[in-house]
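The annotation compositional bias 'Basic and acidic residues' is assigned in TrEMBL to 158-179, 203-218, 232-244, 277-299. Per TrEMBL, compositional bias 'Acidic residues' is recorded for 300-318. The annotation domain 'SRP54-type proteins GTP-binding' is assigned in TrEMBL to 629-642. The region 'Disordered' annotation in TrEMBL covers 149-250, 271-321.
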Amino acid sequence: MLDFFAIFSKGGIVLWCFQGAGVAESFAAPVNVLIRSVILQERSGNNSFNHNSLTLKYKLDNEFELVFVVGFQKILMLTYVDKLIDDIQLHFRDRYKNELEQKGAIKYLVNDFEFGDDFDQLLREAEESSRLKDPVVMRTFTQSLKSQKTVKSMIETKGGDKGKEQGGKKNKNAKKEEEVAGAAQSKSPPTSKKVVVNGNQDLTKEELIQRNREEMFRKMAKSGTATRSPKPQKEKEKEKEEKKKAAKAKRVWDNCGTNLKELDYSDKVNGSQDAGLAREHAEPEMHLESMAGDLRDVDYESSEPEDEEEEEEEEEEVERVVVTEASKTGAKRGGLGGMFGMFKGLVGSKSLTQEDMEPVLDKMRDHLIAKNVAADIASRLCDSVAKKLEGKVMGTFTTVASTVKQALQDSLVQILQPKRRVDILRDVMEARSQRKPFVITFCGVNGVGKSTNLAKISYWLIENGFSVLIAACDTFRAGAVEQLRTHQRRLSMLHPSDQHGGRPSVQLFEKGYGKDAAGIAMEAIAYARNQVFDVVLVDTAGRMQDNAPLMTALAKLIAVNTPDLVLFVGEALVGNEAVDQLVKFNQALADHSMSDRPRLIDGIVLTKFDTIDDKVGAAISMTYITGQPIVFVGTGQTYNDLRSLNARAVVSALMKA
């Protein structure tokens, strides 16, 4: 039934393993995937992991730094696996406690952990316990609550049982009263019908309407909403003159003319003219910093002292631990024993339990959600920290709050640090040596800033000596091609062709609107190869993750052109929406791909990072859900407002109160 069961240390030494009969493949491959994708990436909140046709369940022993892993076929529903892995962990710890306390790699290699007989016995007990459960028997109709209901009990009456008892008499009296009242009404004329108002006056309908009308006019007069006499003509003219004087003044732009003729460059500049002529008549010259080399990291003040409130909370936590330890040991050993127990609790003999960490983790979860981390991701992170710390012995003179906070901070840094380093400059140079362009495709939802950040990346690449071809594949949004043409003209002004040996540093490839985006991208790549451009930046149309036709077109563009890098452009302002966007984008690319190994998102561009202060939780959500790095961070509106992500600085800003 089980494919394998392995016990190994966190250092990578296998202490004992079992492999089922008839299993040809080794357990090393799925276990290595588990270590790389779950344990090292701080995703151990859920104790289950699927790999191909196998389901892997694992348990961490943080006291002795051990990992227990069991693997079985995904189609099997084995209910006893959780009990089996718990029993084996406790039994293995108790039997080899002395050897495990030494915690040395050499000792692990020397010792022979003969655990086969114990494993067989525990496996039999777990299987028998799952069989001994009585089958669920359906109740008969006589045993159900429905059979006890009668027609009388299902009739709803007002007033309960008393109403039922007195209902007969009241109904009879009510009928008599209604008959008498009906006879009196038939005798009296309709105009003299009396109406009881507030129980003390008898008024006819006409009198009541007249009184209500008078009250309404009285209220309108008090509130000033009554009819007013019309204003004279002179007052109206004065009001019109005052409004004209208070009209909004025309805005005067810096370094620009105020006349429309001065701002009209249509007859002076043509997109095909030389960049030097464009520089004379177009926008004023921009002075930007040089961006040669690697990008700078995002700036955050990570060395701020802790707030006084946090220090007071930690002191209260220390006092609480001291008091509880002293009270427990004092009850057993008296006053002297309580004093020694107090110091014993401080110097690190306390093992962390789920109950100790639960209030701290709840507070950390709320803090992460307030910092824009998706709620589901925050819960998974806290569960992962709990699994990581459960059973671990606390350090000397440390508190539960500080231990949990440090573990959570380490986990966040581990998540943000990429599994693989994306070095675009190196990759572009390698593609240049092979005489082919390096292709980057940008995708994302509407309005996140794809075209703007594409222009920033173009400026950074041009600053490093590469020639760029921008492919305008957004053939859906009106003004998309004109926006890229404006960026291309401004970049050409900053880097004229005479600085690049007579060749244009940046060029736009466009075919207008309403065309097939995949075909335009293919033609642009072929043109870049013939004209020896170093980089091709493909701008795609913004699309919502639920729009199936547009997602199919994006998957077609990526599958046909096979770009070297697929970047998802997302806002730093979103929280839970970031998870939904990335999951559905990846799912659409996988579903609509024409290959067995679909091409998914390779990296993330995080925009509008300067608008969120220290609420940087979207970076955690996006990286956690995809496992892909954040390659670029947009921090402003100019071309040199492009940064790389500093994991420790972002985590420091995230953990600030």
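Positions of Cβ are set from backbone N, Cα and C atoms, glycine also.
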Tally of DSSP helical, extended and coil residues in the compositional bias 'Basic and acidic residues' (203-218): 14 helix, 2 strand, 0 coil
Tertiary contacts of the domain 'SRP54-type proteins GTP-binding' (629-642), as residues 6+ beyond its ends and Cβ separation under 8 Å: 286, 288-289, 291, 295, 298, 416, 418-422, 424, 449, 452-453, 455-457, 459-460, 491, 494, 567, 603-610, 619, 622-623
Mean per-residue pLDDT computed across the domain 'SRP54-type proteins GTP-binding' (629-642): 89
